[in-house]
Amino acid sequence: MPTRTSRRTFVKGLAASSILSGLGLWRSPAWALPNPGQPDGLSGTEFDLTIGETQVNITGNARTAMTINGGIPGPLLRWREGDTVTLRVKNRLDETTSIHWHGIILPANMDGVPGLSFDGIAPDGMYVYRFKVRQHGTYWYHSHSGFQEQSGVYGPLVIDAKEPEPFTYEREHVVMLTDWADEDPARVMKKLKKQSDYYNNNKRTVGDFINDVGEKGWSATTAERWMWAQMKMNPTDLADVSGATYTYLMNGQAPNMNWTGLFKPGEQIRLRFINGSSMTYFDVRIPGLKMTVVASDGLHIKPVVVDELRIAVAETFDVIVEPADGAYTLFAQSMDRTGFARGTLTSRPGMQAEVPPLDPRPLLSMDDMGMAGMDHGSMNHSAKPAMDGMDHSKMDHDSMPGMDHGTMPMQEAPVMQSHPDSERNNPLVDMQAMSTSAKLNDPGIGLRDNGRKVLTYADLRSTFEDPDGREPSRTIELHLTGHMEKFAWSFDGVKFSDAKPLMLKYGERVRIVLVNDTMMTHPIHLHGMWSDLEDENGQFMVRKHTIDMPPGSRRSYRVTADALGRWAYHCHMLYHMEMGMFREVRVEE
């Protein structure tokens, strides 16, 4: 049985922390506190987890959160590759709950998705998860029920490898990045449905217009503003939910709490970064230190030395750093630059380094969205296909939605993009990318030409060859679609409640091509099976469980349907998933 670790009795809020100290509103997990060795947590093969309500204070305001074993995040679980683990999850909420083991390969009935894997865990009920651990690395776990993940039901997961890893380190720290809102998540959703840019406090001003006229001229500025107005979109709307309501947390602690990880000078330190947020992409750097990226989504990659990395929602990255004596700031700013999570690596308790300012606010361009050079004056905002002259009659978007192009990989250069018939005159689709590319070498909006070496997907190369080796027998193309004004999200313009399952035959190897027709980024996660990302020429690059899809991108990956059952396939932006960007993948004999 695992040993319970001691917990801090209180976490101070952003404001009025000195006044509130001693109230005992909640407990911070011991693994999230500074310690001289490996992080504490629950380890072994048998675990007891309880999901319930806990009073917390993160921002200076007392709120009721949903927690696992009383903490945010939940306990760090440590498994060992090759073991069989048993996890007894008890529900002390007044609603059904669940736990999904993100990125873990396991039987379908252990995956933890109500309605697909099982019925969920009823109030006062318990579910016993039991499965063999077939992998190693950095992962996480979270509720797959409603908005419970946003309310605090998540935690980190580390699986120790049974064989020596291809790098060394003397110490490790888990760094879990999340977003917290004092608001009820249902209220957040209600606001987004009424006004999709409700939380965008970075809208352009008259002053911005005057500055742009000075730089670009009157004609170019007014034309650009007119195009955005025609699309009923805003180039500053990079995140549906922003720092206007979110506080960004590092290991459950707000920026002013300064989570601290200790080290001895000259040690090699492994940092296990986990983005367990509901809606936030983070750009992570440690001023004064290079990071050697050694793993992505739990699996080893060929080492890449960078200054900064963007971590999509649900992704994980492992890096090695080697700090000298002193203090270093762990700085994770939100992609829209409305806030940051922050911590410190230090050789002595109490030390801290300067916190850098937020980078300038980035703006989306037409090129970002695959719309460069297009005439928006004739744009039909009922989403009439951008290429009306093409014959789409042969597209099959029913039992296997998507265009089937055999084994054709993505093209290296931008291509004129066709679209499925289901997007035609669709009230749930307000935009279509017209010229798409893989964008594997692109650091992403807000990170280009910033003077720092930024990790890109092109840098990610697994330390192993394609584990399957077969060419895909067919290609499934799916479009990520949405309507910004209505805050509606879908695949191919078809929301989950109206969509048929994607049917895969057990054992087949397929290529999935994703096209992002929206102005938002989408991290796409397939449960139960690995996603083997390809380069522009269809060659295997890296094995992942979550694929980041920037606006206007077209990316492909291979999937081996080696897991029977019903599996979730969805955008991991929680509010996008809840609003329809979700499919069932069914693997049958």
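A Cβ is built for glycine as well, from the same backbone N, Cα and C atoms used for every other residue.
The following features are taken from Swiss-Prot:
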type	residues	note
BINDING	H100, H525	Cu cation 1 binding site
BINDING	H144, H527, H570	Cu cation 3 binding site
REPEAT	367-374	repeat '1'
REPEAT	396-403	repeat '2'
SIGNAL	1-32	signal peptide
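Taking the features listed in Swiss-Prot, we show where each one sits on the structure.
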residue	record	Cβ neighbours (10 Å)
H100	Cu cation 1 binding site	23
H144	Cu cation 3 binding site	25
H525	Cu cation 1 binding site	24
H527	Cu cation 3 binding site	28
H570	Cu cation 3 binding site	26
Rounded distance in angstrom between the Cα atoms of H527 (Cu cation 3 binding site) and H100 (Cu cation 1 binding site): 9
In whole Å, how far does the CA atom of H570 (Cu cation 3 binding site) lie from that of H525 (Cu cation 1 binding site)? 6
Within 8 Å of the Cβ centroid of H144, H527, H570, the other same-chain residues by Cβ around the recorded Cu cation 3 site are H100, D111, V113, L116, H525, W567, A568, Y569, M577, F582
Cα of H144 (Cu cation 3 binding site) to Cα of H100 (Cu cation 1 binding site): how many Å, rounded? 6
When DSSP states are folded down to helix, strand and coil, where does H100 (Cu cation 1 binding site) land? strand
